[in-house]
Amino acid sequence: MIRSVVRGFGAALPKRVMTNKEIESRVDTSDEWIVQRTGIRQRYIAGEGETSASLGEAAARAALERAGLTPDDVDLIIVATSTPDNTFPATAVNIQNRLGMRHGAAFDMQAVCSGFVYAVATADAYIRGGLSKRALVIGAETFSRLLDWTDRTTCVLFGDGAGAIVLEAQEAAGTKADRGVLTAQLRSDGAHRDKLYVDGGPSTTGTVGHLRMEGREVFKHAVGMITDVIEAAFEATGTTADDIDWLVPHQANRRIIDGSAKKLGIPLEKVVVTVDLHGNTSAASIPLALDAAASDGRIKKGDLVMLEAMGGGFTWGSVLLRW
């Protein structure tokens, strides 16, 4: 059978770092409060000329270089983003053009913070279905441009950045020992759409709008939803928490990350955490964390890696893959 195997990975961050101390000068908050409630110490903020497409392009080029490939070797680009450069065309098409590609297919996916998990699942389906041989899967966000910088409940949480992986079709035995994507579990429930949303859009207000969130409601549902899709992945593959080498969660909040790991029985030393450095970068958070952990040698070839995320909608999902 065909598996979608990770060939390369890469990341890109804006030049500017914004610390909690700087946010203290903007709104009524403190470094101590932010760290205690979220685990965030800093975040990167896009500056002039830095966009979701430019960051996504840089991450894509890094992933291709790591894989020893060129844009000519890729036939599919999927970009997970809630902050596109334009309403249309897709940011993926923009990145395709920046890479000099004149072939293949490119499109965006919008599942907010779950976007990268949804995009990996979609690329895997294309590869297993024979519609793609190599796919660039990118998470790219500039959430700082959706923030109300007078709202202390949200402006402290988010940052900008991009990460990417290259998935390649490879023959496999069809067992849980295979390298590549082993299963994907996706969920959504639109009844919660008003708990985390942006109060604008082309067909309603004609404006971009600002991010709005009921933080307590999100926190209340997060751990249960996350563990649901992880347990479903275990069931689908005949694996358990003991088999996991690394849990790479969406980097939203340190308390959610720790709570999910504890409920699943996964030791914290097996959890990749970058929320302290990046803040919540939405669809970019998982590929940024993958890049960090694979670059420093923590994630190694053959490791069993669980990706999980929950985002606005609500959407949530998991991907279990062998590196």
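Each residue, glycine too, has its Cβ placed from N, Cα and C.
Look at Swiss-Prot and you will find Cys113, His250, Asn280 tagged as active site. Taken from Swiss-Prot, the feature region 'ACP-binding' covers 251-255, and the record attributes it to sequence analysis.
Projection of Swiss-Prot feature records onto the structure.
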residue: Cys113; record: active site; DSSP (3 states): helix
residue: His250; record: active site; DSSP (3 states): coil
residue: Asn280; record: active site; DSSP (3 states): strand
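In the shown protein chains, 31 other C-beta atoms lie within 10 A of the C-beta of His250 (active site). Per-residue confidence over the region 'ACP-binding' (251-255) averages 97 (mean pLDDT, predicted model).
The Cβ neighbour count for Cys113 (active site), using a 10 Å radius over every protein chain in view, is 31.
Separation of the C-alpha atoms of His250 (active site) and Asn280 (active site): 8 Å, rounded to the nearest whole number.
Around Asn280 (active site), the same-chain residues six or more apart in sequence whose CB sits under 8 Å from its CB are Ile40, Cys113, Phe143, Leu157, Phe158, Gly159, His250, Gln251, Ala252, Asn253, listed in sequence order.
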